[in-house]
Amino acid sequence: MRLQRSPALAAVLIIITCVCAFYTTAAINIPLEIEQPPTITAQPPSSLIAFPFDESFPMTCEAKGNPRPEFRWTKNGQEFNHSVDPRLMKEENSGTFVIPNNGNLTEYQGTYRCYASNTLGTAVSQEVEFIVSNEPKFPKETLDPVKVDEGQPFILKCDPPTGIPPLQIYWMTINMQHIQQDERVSVGLNGDLYFSHAVEKDSRTDYCCFASFPRIRTIVQKTAMSVHVKPTNAILERRPSLLTPPGVQSEKQLVKGDDLELECIPEGIPTPKVEWVKIGLGLPDGAEVENHGKLLIIPRADQKDSGKYMCKAKNPLGEAVHYFTVTVEEPPEWVSEPQSQLSMIGTDVLIKCSARGTPEPSITWRVNGVPLKDSPAANRRIFDDTIIIRNSKASDSAVYQCEASNRHGSLLSNANIMIRNLPPMILTKDGEGYFAVESRGVTLHCNAFSSPPSTITWSKDDSSESVEGSRFKIHDDGSLEISRAEKSDAGQYTCLAKNTEGSSNIDAMLYVKDATRIVVTPEDQQILKGSEALLSCLAEYDESFSHDFELVWEKDDIEISFNDTVNLRYFVEDSVLHIVNVSHGDQGVYRCVARTPVDQDEASALLMVLDVPDAPENLVLSEHRGRSVKLTWIPGDDHNSSITDFIIEYEENKWEMGKWRELLRVSRNQNSAVLRLHGHVEYRFRVYGVNSVGAGPPSKPTEMYRTPPAAPDKNPENIKIEGHLPHEMDINWEPLLPIEHNGPGLEYKVSYRRQDVEEEWTEHTVKRHSFVVKNTPTFVPYEIKVQAKNNQGWGPEPRIVSGYSGEDFPSTAPDDVAVEVMNSSVVKVTWTPVHKDKLRGHLGGYRINWWRLRSLVDSKKRHGDKHMLTFPGDRNHATVPGLTPFSEYSLIVMTFNGRGNGPGSHPINFKTPEGVPEKNPVFRVTDVQRHSISLTWTPPSEPNGILTGYLLEYQLINGTEEVGALQTIDINNPKTSKWVLRDLEPLSKYKLYLRSCTTKGCGPVVSEECTTDLETSLASVHGGISTQGWFIGLMCAIALLTLIVLIACFVNRNKGGKYSVKEKEDLHPDVESQGMNDDTFCEYSDNDEKPLKGSQHSLSREIKAGDSGDSLVDYGDEDAQFNEDGSFIGEYGPRKEKRVSAEIKAPVQTPA
């Protein structure tokens, strides 16, 4: 019964609502330790379909309560005792039962509801409809053929059987071929097949309608129908009319969330076209037109899609319209769902239940499953959508049900109303320990249950005062939150819950620990595949957790198990994660988690694996144009290193099968290229990518592509013109590669003519890649060109190159040869260059030959080894270094070309001035006494002048840094070879120096060290066995044998003729045989040894280094050629010159 709400009553209701809100706890979760009515925890869906392929069908009903609930069921509003049916499967202490699929399910079909009851009330489940589907079937029937005149409309009825939706209709032939649908033929929403007008091809005997029920996996077929179209001589056009829907207006109702489907199927000739509009507004966003314009679909329609729609069918003769009035309705939806409540005795209780929907839902109240009117209560009143229980008592505790229903469904809600006064019950465990991390928050729990609600206070360490401060906060659920915990916060906390019925308390211990912190974090890395990755992670944590701390590594949020055989390449050592032989699968985000029982810290790093690019895929050849084709591909993965280039390679199967060569290189932003190809070749292509890591693997090759033959695209290159003989000219060139032939029958046309006179081209056709022109003048310029041809024609016009015919030896020697002595070891040679007409070839340069005649120390001539220096290019002077001082030399100059050396000039004799002597080969101590040292030496092998004497120096050293003064003895007799130093300190170490001298200065120093004896009878440390008689005899015998060997060598050397003949040969060398031996010039070596630190006196008669050591830098020629080690090109001896050839590349038209 619904009462009208008066304004006064509404005011009273507002006051009661406020009061109840103060004393009521909504949406409570009552502990099962407290007596309470049942609460449904599991229930079946609103409908349960018995599909034939399911084994069983559970009817679920579970509930909680104290005392434990008992269950019962109703079926179609009548009691249903499921426990007495032996075919049903039951569960103990549960309301659930299971209907087995034993083939006889029809008797169980119906609407069920579960009730869970105990002494405090009854909870009710929502209704569930158990649907047993029958197998859908078309009736067996005999259908008469449909006869229709050509041009007339007709409809084939389907009339599908009922079944579990959704239903899908297909029209096919008996051979399972779909009936083609278009603007003239279409299937309607009801499954019928509509023909706007008949045509002759519509005649057939096997129109079949198939109905598909996918939820029950069933397809059924209707009896085939026949159609016979009678042709007519004249088909008249007619204006449109609608085959469906009938009339001009209809209504359409649907539930919110369903798809709105409006259909208009017209007939007429010509076939009409259908348009859709919404009156007053445009079609909604998302509207779709299907079935050739005959079906309007608005997915998931809602209230805004309600309204008036119109379809219009038009052809040239007119139009037909139909209006749809669309109403979108809604099933019930809660506006205010009733909530379970725990209220104090004597308070007023409000239970509110309201819902919305279209049409407006009706509200039904029940208490403990019984209609409210069948369970009256004096203190209970209904005000519109609210129940008020005034001055509630414990006996008013019950389960209230509110059900909202309309034709589209229903909603059911249970509200447990408990009227009780309860002292506080703290549900949190007493003595709980909590761990906090310094500077972070922590929450201590105190979950209390009572009626009326309890007041919660927290105290610390047996203090009666409540904890205070901005860091402490007590929440509504009783928990204590401590922000930014400090070490001083550690201790025992007490939670006290208190209300009018009593109080309760629990204790909790708080421990404050140091925070866990990662101090060395892993860093992002890019690493090559196959190498080893190292990720570091070092953490600090509270020392009390030394046995509970763990360091965990995760990859992409999955923990790495180091004991797993799959992860054998992963191991941790000294807080470093090692990943051995990194592969692509190792790429990802690695997280290091440092964890204690109370907190954790984490840090992550991205590991990117670099590798060469994967092979490109899907190579396609297109745009075939004879000798060009377009190649496209899809790039492979670049593996974190951008591709810089794509390399296109080719393989041809005629000359180098199996060998891949580079054809083209394209940039990274291209995935296609047009390939320019040679003719008469079968190609295959492949592509690979290149990045900073390297070149990736090639793609799979394409199919073969054959090009047609063509004339050559190019002519030979690198044409060389050489003259091996004076009256011949050899022409050589690089032949075209086989792939460059472009077709069979390759030949070369060689054309030449003299450049210095007017004459026609002389032509020869050859198959080889060389040609010799006979009977040419010596060294004259020619123009040459070489052109390729094959059976398809000539190559492009060749370019002209220039060269010379064969060279001959130069015919004359340089004139006016002169020598200027620069110092004791260097001379400058000048000459007049040979005229170019006498060169008879390309000038190679000039050569200087020289040899030592004698030393000026004695008058005997000794023909020394011949030396040679080569100076390339056109020049008129050169510098000859490395001469022996105080000697007489002879010298000639000649020029050379590609053929060889010309004649030598007249010999020029010259003398070098004195220099300083070479080092003394022998300098030793022969006797050592207490106060004296005896010395002996031999003169230098090359005095480089007239010896004037020796400079002997000595000083005391005794192994200390500061040494004695340098003492000097000037020996003026060059024949002296012995000396005794006297008045020396006994048992002292001396350093001895000796130098040979000429008028130009003293030569390099030789030195010895010696220590004076303590006793005069002791022998010198350098004397040794040298003073023994047998040793002196042995040395004399060795000297005699050496002298005999030297005499024999000298005699053998001069055996061939007199010295003057040999000298004449040197002056006029044979150009055909000269240069067969390379003699090495031996440079003068100066190994100076300087006096030790502390020397006070300068050496007497000492000459500056510049007087005795002449430098090639000072006197040399800058154009002289040197080897890498600094020696002169050609060395100091004759050398055979190679023939010089003129090599000219095709583009060059000037002589090389």
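Every residue, even glycine, has its Cβ placed from backbone N, Cα and C.
Confidence for the domain 'Ig-like' (38-129), expressed as mean pLDDT, is 91. According to TrEMBL, the feature domain 'Ig-like' maps to 38-129 (among others).
Annotation comment: TrEMBL describes 136-226 (among others) as domain 'Ig-like'.
Per TrEMBL, the feature domain 'Ig-like' maps to 240-327 (among others).
Note: the domain 'Ig-like' (332-418) comprises 6 helix, 52 strand, 29 coil (DSSP; helix = H, G, I, strand = E, B). Per TrEMBL, domain 'Ig-like' is recorded for 332-418 (among others).
Across the domain 'Ig-like' (423-511), DSSP classifies residues as 3 helix, 49 strand, 37 coil. Under the heading domain 'Ig-like', TrEMBL lists 423-511 (among others).
As annotated by TrEMBL, domain 'Ig-like' applies to 516-604 (among others).
Residues or ranges marked as domain 'Fibronectin type-III' by TrEMBL: 615-710 (among others).
The domain 'Fibronectin type-III' annotation in TrEMBL covers 715-808 (among others). Helix, strand and coil residue tallies for the domain 'Fibronectin type-III' (715-808), in that order: 3 helix, 47 strand, 44 coil [DSSP].
Annotation comment: TrEMBL describes 813-915 (among others) as domain 'Fibronectin type-III'.
For 917-1016 (among others), the entry in TrEMBL reads domain 'Fibronectin type-III'.
Look at TrEMBL and you will find 697-716 (among others) tagged as region 'Disordered'.
Marked as region 'Disordered' by TrEMBL: 1064-1152 (among others).
Taken from TrEMBL, the feature signal peptide applies to 1-21.
Note on the transmembrane segment (1030-1051): none of the residues of its chain located 6 or more positions outside it place their CB under 8 angstroms from a CB of the stretch. According to TrEMBL, the feature transmembrane segment maps to 1030-1051.
Remote same-chain partners of the region 'Disordered' (697-716), defined as residues 6 or more beyond its termini with a Cβ less than 8 Å from a stretch Cβ, comprise 612, 614-617, 619-621, 624, 626-627, 629, 631, 633, 636, 649, 651, 653, 660, 677-688, 733-736, 740-744, 746, 748, 769, 786-796, 798-799, 1146. In the domain 'Ig-like' (516-604), helix, strand and coil residues by DSSP number 9 helix, 44 strand, 36 coil. For the domain 'Fibronectin type-III' (615-710), the number of residues in each DSSP class (helix H, G, I; strand E, B; coil) is 0 helix, 45 strand, 51 coil. Here the listed stretches are 136-226, 240-327, 332-418, 813-915, and the one with the most C-beta pairs under 8 angstroms to the domain 'Ig-like' (38-129) is 332-418.
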